[in-house]
């Protein structure tokens, strides 16, 4: 019997691995092509629709854990080393992201609904353009320059427009506007920071605003007058000790305003007027605001940065400190009303997590918005008074018969003083405390602004600084002319260009308190002191080096206050 020949069988040892080149050739072309297709589809079917910035952290986690798990799975499945599996996973993720971003860029350049609007070419590609060009924190100046170049409507991002046409404030910010707050405000969702200023929930905002309204009623403001005047006299005494010497006005007005709002928010002063320097918590706040100014153009960047161990450290410290202070304030029973006493009426129970969250968030709003606004405007007011003493003299002539000799100062004595209000309004017009303005999103059906249709779901910005200097709204828009507000109305072409406190339901709830504070400080200081710029000071640092970090971070203004000679 003839046996069948047996063929030699070559067996691969189980411990051997495929050559890396064979693995890449066999799987890479198909797998990477599939990943790229998924990238394009995820853009077309998902990312191009709606808002996704709130899921950035989850998206990054998916990429990270997906990379680890894919590497662990591919190594035994393909019988390759883990280093080779990691390399292949990198290529798959890279193919996905490259295709996703390429699809986004092509869409934004060629097919986006906002392509008809002019603007910087790179701005239409990515919000990173705003981030990189805004590292100097001069967004309000760049916005003004962009509108001077491109006109009323400027495309400042892939899905964002900046608008300064006269009808923009009413259509976008006003009480009848159908626009809602944009994703910019979602920074508050992280670190439990939601407040009246930041919530995008319309019903929640309306309910919270009703709580705040009590703290800014006419009666409440009268209750606050005595403390504002008291801190102003403390400021006067400090300035008196420095009479005839150079002092940094922006710093001292900052100390005054934070002491006032510390009292209103936490029932105690920061004692910055006494120490002549920042409280440590305010240093944390300053660092946090700089980060907000840098990263705020990209909604998802703030939460990512806030959890970074080093980057967000001051941010987290300030939040914890404010929480501790407001919790202490909740335990204090006081007969002297302050703003927080009204907020506490809805947050008595410490076990009420939701009420406590709102109280914590609103305490930070009080400190930031309530302090910065007034200090900023006062600094600019005294810059103009120091540069042009004729305005100081005009104020004195107006205020002297109103401020009764021997009578304690009362802000109601001067609240209708025309030149005083003109000086305040003109400083607010030229130097709004939040120069980049508020951000809104159009309703699904879109809106029309001065005859121009803007599609639904578009993020809009009304830059208050650029609006206040619009030649469509003001004659000699860059000049400080307080008289335009009472004796020279022809210098105002369209009053809608004046919106330093915003408009409508999201407008600044504390604007009357801010005006009351300014109407207190300016008369009391100019009645006691002459003011002039210090030698070598021309205001250029204040005007051109101050930074936009949502609210302005002012540079030095070196002035000399000198006691007036009597008799």
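Numbering starts at 1 and runs along the chain as it is shown here.
In case you wondered, yes, glycine gets a Cβ from its N, Cα and C as well.
Since this is a predicted model, take the numbers as computed values, not measurements.
Annotated transmembrane segment per TrEMBL: 27-48 (among others), in sequence order. Residues of the same chain lying 6 or more positions beyond the ends of the transmembrane segment (27-48) and with a Cβ under 8 Å from any Cβ of it are 78, 88, 91-93, 95-100, 102-104, 107.
Annotation source TrEMBL lists transmembrane segment at 60-82 (among others).
According to TrEMBL, the transmembrane segment annotation covers 88-107 (among others).
Tertiary neighbourhood of the transmembrane segment (365-386): same-chain residues 195-198, 249-250, 253-254, 256-258, 260-262, 264-265, 285, 289, 322, 339-340, 392, 395, 423-424, 426-428, 430-431, 433-434, 480, 508, 510, 513-514, 517-518, 521-522, 525-526, 531-533, 539, 542, 551-552, 554, 557, 559, selected by CB-CB distance under 8 Å and a gap of 6+ residues from either end. Positions annotated as transmembrane segment by TrEMBL: 365-386 (among others).
What TrEMBL records for 508 is heme binding site. In three-state terms derived from DSSP, residue 508 (heme binding site) belongs to neither a helical nor a strand segment and is classed as coil. Shown in sequence order, 369, 373, 501, 502, 514 are the residues of the chain, 6+ apart in sequence, with a C-beta less than 8 angstroms from the C-beta of residue 508 (heme binding site).
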